[in-house]
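Per TrEMBL, the feature transmembrane segment maps to A:12-35, A:47-68, A:74-95, A:107-127, A:164-181, A:210-233, A:239-256, A:263-282, A:302-323.
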Amino acid sequence: MNELVFFINNVIIAGSVTGSIYAIGAIGVTLIFSIMRFAHFAHADMMTFGAFMVLLLTTLFPAAGTSIGVPTALVMLPLAMLLTAALAVGIDKAFYKPLRAHGVKPIVLVIGSLGVTLMLQGLIRLFSGTGGQSLYVDDRKEIFRLALPFEGARAPIVITEPQLYLFVITLVAVVALHVFLNRSRLGKAMRAMSDNPELAQASGINTNTIVAVTWVIAGGLAAIAGTLLSLDVTFKPDLSFFLLLPIFAAAIVGGVGHPYGAIAGGFVVGFAETLAVFNWNVLLRPFRDSLPTWLELPSNLAFVGTEYKIVVPFFILVAILVWRPTGLFKGKVIQ
Amino acid sequence: MSLPMSSTTPLLEARDVHGGYGGMNILNGVNMTLHANEVGVIVGPNGAGKSTMLKAVFGLLNVTQGEILLNGQPIHNLPPNKLVERGMGFVPQEKNVFPSLTVKENLEMGAYLKPQNVKRMLEQVYAFFPPLVEKRHQPAGELSGGQRQMVAMGRALMAEPSLLLLDEPTAGLSPLYMNEIFDRVKQINAAGVGILMVEQNAKQALAIADKGFVLAAGQNRFTDTGAALLADPDVAKSFLGG
């Protein structure tokens, strides 16, 4: 029974946490690709930027949340989303729009976004310092231990407050995005532009507006993902280093340009990571007596060591692309 | 002496239009006059600039010389979305639907600038193209070529245009569907929408044309009524395959 609890804590909960963060990040990547047709490498740094805005605001007003009983960082999240959305629109105006106006190839925009990534990372580092910082400035991270009502289950299921918020916010964001894309006039226009930009223009859709809306949504979602990740662990200026590859893997695995694919891809990559580093020895331990005596179980039976976690998304990416080149959902092909 | 704007002001007028892509001129002085109650058809050999002229009218091409007037107002080099606001509708030859959007969503996009009209226009378009009714919740990318053309035309009609531009609406369709589309074009025109279309099926298209423009090398070669062009032995010999 304790082994099952261990599995729930280390795979189900941990995988859902990572999966949710990757999913929200990947939605942004996939939306930007479907509207502007380029891989936006600065996306992970927009996530860091969002988290950094929350850190700044929380440091300025550390007690803002205590009166209503939620972490201050969460109270600051909407404001940080707005700031990150503004940053995204600003970056587009300053760097990507002039390039688009020249009719450059997508690869030029990709390289441009690499430049933006370095610039953003440098700027954040300049103000935040290089070390990690907790987003819990004045308040304390609640940890819930749920004891299971079974005999022999001594270890509790452990879930933290930010993880619960993460699940709720992810669900709300995904449902809101679904409603927006399928019910609203602007959302449908966004899908139309993703399908066929020339025809969208010929229908009177102002493509500049759609581009701006895409950046607002992608920026807002990036702030959510970055903040919730930083709440779960800590804020670091180089968070993007650990996020960039997984969220691109998630977007591609799901099928580029496909928001639901990005969600599925996020969870596939998230769970693959946690399953790969999970120590399977723990689950086999109860059956130790029934195993042949010559079979000595190694104490660590994980596929890869935790330090190699970052290679897992890469492996998944290659495997999916070999097996299904357009991703799980039928996506576009990146040129 | 200035003439008052009267009913004789043409819906569309092109005067000595020059233009092309990237410095290379494809149009070398095209002239056109079309009234609201007319169907205009542009025919000519490959590379004559037929589709290019249509794109020039719809602002998809840089007009370097000459002018294009819609209801007497200059419109050349306005972006397409401004032209849609002024009552122009355009149906491209290829990629003329949003494949992942449903038929209904495709049509809704046509009325993007007039959201208050969506419901009324949907009913009209469904009445006009009955096969679309049962397909309305299906992605347009899954439809047959003829049905797709209906979606494409329906999308353009949703904006209630005064001038509809069609780029080879019958390309790749069976003769049965071709006649169906030409019938629809005449009906749309009868409802008060001026039509300018480019056609490869020149004989059939000229048969329904009030005005025919035979282009060659980016210039007007013959301009007359459709019937007169069909009867002209020179036109027949050089452009209609004898």
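Every residue, even glycine, has its Cβ placed from backbone N, Cα and C.
Cβ atoms under 8 Å from those of the transmembrane segment (A:12-35) belong to residues 43-44, 46-47, 157-159, 163, 166-167, 170, 173-174, 177, 190, 193-194, 210-211, 214-215, 217-219, 221-222, 224-225, 228-229, 232, 243, 246-248, 250-251, 254, 256-259, 261-271, 273-275, 331-332, 334 of the same chain, restricted to positions at least 6 beyond its ends. Tertiary proximity for the transmembrane segment (A:263-282) is limited to same-chain residues at least six positions away from its ends with a CB under 8 Å from its CB atoms, namely 3, 6-7, 10-11, 14-27, 174, 246-247, 249-255, 297-306, 309, 312-313, 315-316, 327-329. Of the candidate ranges A:74-95, A:107-127, A:210-233, A:239-256, A:302-323, A:210-233 has the most C-beta pairs within less than 8 angstroms of the transmembrane segment (A:164-181).
Long-range contacts of the transmembrane segment (A:210-233) within the same chain, counting only residues at least 6 positions beyond its ends with a Cβ under 8 Å from a Cβ of the stretch, are 17, 20-21, 24-25, 27-29, 31-32, 35-36, 40, 43, 46-55, 71, 73-74, 77, 80-89, 91-92, 135-136, 141, 160, 162-163, 165-166, 169, 173, 177, 180, 186, 189-190, 193, 200, 239, 243.
For the transmembrane segment (A:74-95), the partner stretch with the most Cβ pairs below 8 Å, chosen from A:47-68, A:107-127, A:239-256, is A:47-68.
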